[in-house]
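If you check Swiss-Prot, you get these features:
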- 1-45: topological domain 'Cytoplasmic' (TOPO_DOM)
- 46-66: transmembrane segment (TRANSMEM)
- 67-291: topological domain 'Periplasmic' (TOPO_DOM)
- Ser70: active site (ACT_SITE)
- Lys133: active site (ACT_SITE)
Amino acid sequence: MTMKKLTSTTTTLWDNKLFINNLKNFMQTNTESNNNKTTAQEWKSFILVVVIALMIRILIIESFVVPTGSMKATILENDRIFGTKYSYGYSNYSLSFFDFIHLFKGRIFARTPERGDIIIFRPPHEMNTRYIKRLIGLPGDKVQLIDDVIYINDEKIERVESGIYVSEEGRKYLKFKETLPNGKTYFSYKLAPVLGIMFNDKYGNTDAFYVPEGEYFFLGDNRDQSNDSRIDLGFVPFENFIAKAQFIWFSTKITWWDSDIGVINLILKLKPWAESIRFNRIFRNLYSIED
């Protein structure tokens with residue numbers, strides 16, 4: 001009886017131990033399986049978010065940083081601008097990441113741009129960069145500047161002096177309100193004379209430009225400091241359009257990121273960069289007229 005009882009007890013203990021080990025193995029396997037499922041789900045979610053973000057950037061809206069003052073004071077250096085990608089349809093040059101692949105010619109879902117639109121495009125003479133200018137001349141137009149006044153098809157546009165603009169650097173500009181034939185109104189700027197001397201006055205008087213079919217004529221709002229269709233830019237093909245600029249979402253007087261200055265200098269630069277934020281420009285509509 002004793003032996004049988006001992007054997008029975010030993011068997012029970014062994015069975016319990018085996019059951020516990022099996023339970024541990026099952027739980028461990030189940031946990032690893034759940035972890036793998038969780039990791040897979042996290043990766044799927046991450047990839048989905050990235051794909052959605054890329055599609056938004058490619059097809060709907062994209063952020064652009066303006067590095068120069070050719071559109072001053074409508075747009076200043078280091079303004080961050082949102083541009084809508086769908087405004088004029090799509091081309092190889094407007095589809096981000098695909099501009100090096102020639103998928104098709106021309107534009108799909110094309111919409112006609114209007115005079116006065118502020119457009120981001122690839123300049124024909126510098127295709128690896130982006131310009132931002134104001135559209136003035138449409139295909140078939142004759143455009144000419146006489147004494148700084150724009151003539152479109154021999155009709156003088158309305159141009160009214162509207163005071164003085166002083167830049168952040170302290171430079172003075174003459175400010176003019178211009179109205180295009182379609183009724184769009186905006187401000188243009190010309191360097192104020194110093195001791196009676198005008199700057200770059202040769203760009204205020206030009207030959208007549210005849211805009212070819214499928215191409216457009218652009219000017220910068222900062223008339224004396226803009227490389228536009230009067231100078232090296234020339235006419236811009238419709239295919240080169242990237243986006244229509246809409247509004248400023250952020251702006252600073254200085255840039256912060258510079259890969260050449262090192263981490264410590266970036267940290268030291270953070271405070272002056274934050275202090276240079278132009279709060280009065282955040283969410284500014286580029287087509288609103290503010291005197």
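Each Cβ is built from the backbone N, Cα and C atoms, and glycine gets one as well.
Here the CA atom of Ser70 (active site) lies 8 Å from the CA atom of Lys133 (active site). Sequence-distant contacts of Ser70 (active site), defined as residues of its own chain at least six apart whose C-beta falls under 8 angstroms from its C-beta, comprise Tyr131, Ile132, Lys133, Gly220, Asp221, Asn222, Gln225, Ser226, Asn227, Asp228. The 10 Å shell around the Cβ of Lys133 (active site) contains 26 further Cβ atoms across the protein chains shown. DSSP assigns Ser70 (active site) to coil, not to a helix or a strand.
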